[in-house]
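Read through the structure below, which is laid out as structure tokens, and then see the notes.
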């Protein structure tokens, strides 16, 4: 009820300013009378996926809390899991501003942030401080100045540092905003990366005496053949889950709207059906071999149900959350 007022206020700022304000002040509201603004007590909808217990199947997608500075505040909203990041070995500022745009008529967002983050050490410190009892996924990527041929090393560095603190680790090879990154989704490059990650996962599992699942995040802009190849590689390399999908480069749904010409990845409602079709095709190719986390344009319980019906076991929200607010979590969990 209060969120439309808050959104009206936040939308007076440019999108990145609004995001930064939210990340700065949300944690400060916890434990004050104002935390009733977003705190929700939700019905239990427990599921077990990748060997992990989730109080409900609705998660926060990576990108909103890149540095893990709002975990407890988002946890109070009722999320069954929270994915922080994308984080890189070294801090980096990301791409030049402006780099975040609202496509309000379509309830979409275009971003070309470029993995701006404070580095993996800072993120781990934030995760260690968090009191949230749900599953925390940590999304890892490569630094922009790391040559793509050496990208594997960045993922392994991050994996080493986050392993003992993550519920699961998400491997981001599908952001359109880091040059060359999406090339890691194809053929030998994908196999080589996944094989190296799997070996390191097994080494770390022995070291820490616990198994932390690996999930790979893929793009929506893949052909059917490419989806089938990705699925085969995930199975072959023993990956535990797949997150479908990241943002799209496609502008067909918003071609005549403000900011349609901006470079970057499009998320929100315009991505909804495209990502669902990828999930459907991926589920067919995987044939139950590993679970899918469905993300892309979920802005209602019905949209979440469509993702689950297409083959997802869990769902994540981001852009829908920006437009609808914390009540979207309650709506989905209650009516899913």
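A Cβ is built for glycine as well, from the same backbone N, Cα and C atoms used for every other residue.
The annotation in Swiss-Prot ties 111, 112, 113, 114, 115, 172, 177, 246, 247 to substrate, and of the candidates under consideration, 44, 66, 307, the one tied to the same site is 66. FMN is bound by 62, 63, 64, 65, 66, 86, 139, 172, 217, 268, 297, 318, 319 in Swiss-Prot, and the record lists one more residue there from 32, 245, which is 245. Using residue 318 (FMN binding site) as the reference Cα, a 10 A cut-off selects none from the recorded positions 112, 114, 172, 175, 246. Checking the recorded positions (64, 66, 139, 175) against residue 246 (substrate binding site) with a 10 Å Cα-Cα cut-off leaves 175. Residue 64 (FMN binding site) sits 13 Å from residue 114 (substrate binding site), taking the Cα positions as reference. The recorded positions near residue 217 (FMN binding site), taking a 10 angstroms Cα-Cα threshold over the set 112, 114, 172, 175, are 172, 175. Of all Cβ atoms in the protein chains displayed, 25 besides its own lie within 10 Å of the Cβ of residue 175 (active site, nucleophile). Rounded to a whole value, the Cα-Cα separation of residue 175 (active site, nucleophile) and residue 114 (substrate binding site) is 8 Å.
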